[in-house]
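Copied over from TrEMBL:
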- 12-35: transmembrane segment (TRANSMEM)
- 68-94: transmembrane segment (TRANSMEM)
- 71-279: domain 'ABC transmembrane type-1' (DOMAIN)
- 106-126: transmembrane segment (TRANSMEM)
- 138-160: transmembrane segment (TRANSMEM)
- 180-207: transmembrane segment (TRANSMEM)
- 258-279: transmembrane segment (TRANSMEM)
Amino acid sequence: MVKNDKGFQILAHVVLILMAVLVIFPILLLFMASISAESDIIKYGYSLVPKHIDLTSYKFIFSEGSVYHAYLITIVVTLFGTVAGVIVTTMISYTLTVPGLPGKQLLSFYVLFTMLFSGGLVPSYMSWCNLFHIKNTLWALVFPFIFVSAFHIMITRTYFKNNIPQEILESARMDGLSEFGIFFRMVLPLSKPIIATIGFMKALMYWNDWKNSLYFVTDKQFVSIQALLNNMLTNVQYLSQSMDASLGATDMVNIPTLGIRMAIAVVGMLPMVALYPFFQKYYMEGLTVGAVKG
């Protein structure tokens, strides 16, 4: 039995190492391509060891002054949206666990219904723009994601239900503590894993979002970094396709189109990749425990 367990452990480690390599290899190759000379990529293909280090792609990206402003906008939106989204999600989730709450079943059905069905893009656009007037404001990048978190609500509710003793909450109610007091003073301090999980997932949503900028923003001062990079990528692809006819082959060599595409991906994902190790422990624990049973 011990030998079988040891063999299983070895096999599991080998499989996990292979999976880790499969995940890390494309990211590493992407980064190396972004700092490789364009001529080397064209001549030798992609390589883990660049023959010549060339930072022209990053210089091209950051030569656009609006990149820094877009980074600032995205950081502000991500921080505020994540905090607000976590508060809204945890409050709704806690409400669904309160025993004897009138209308709790109807609220649960409403949350589940929004997971399965959506009103569509046009009604959403009309609602946000005509009722809430968020077009060309910073709120256009924040509000649409705060309330569309039915999956987050379900796993948070499951975590509250299975991991916070109801006896403690009932004792607090008998002592006269309000539901807000129970939520902020008892439930939240006991829910760090699921809060970190939901927080990281929402931060990832906000950081990677470019559609809200596309739908609701025409003013450049409110464009997110992902939308700006997407526009930059589109322009680079257009230049790459039309370069021969407009500028000639000589000028085309001076614009590292392949390297810029890779550098754009690196610039867009690097902050979240850097933050993930700090949230990994809580993320895995909260996601696993919150989804075990419901």
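Cβ from N, Cα, C; glycine included.
Away from its own ends, the transmembrane segment (12-35) comes close to residues 41, 46-50, 53-55, 57-58, 258-259, 262-263, 265-266, 273 of its chain (Cβ-Cβ under 8 Å, at least six residues beyond either end). Within the same chain, the transmembrane segment (68-94) stays apart from the transmembrane segment (258-279): fewer than three Cβ pairs sit under 8 Å, each pair at least 6 residues apart.
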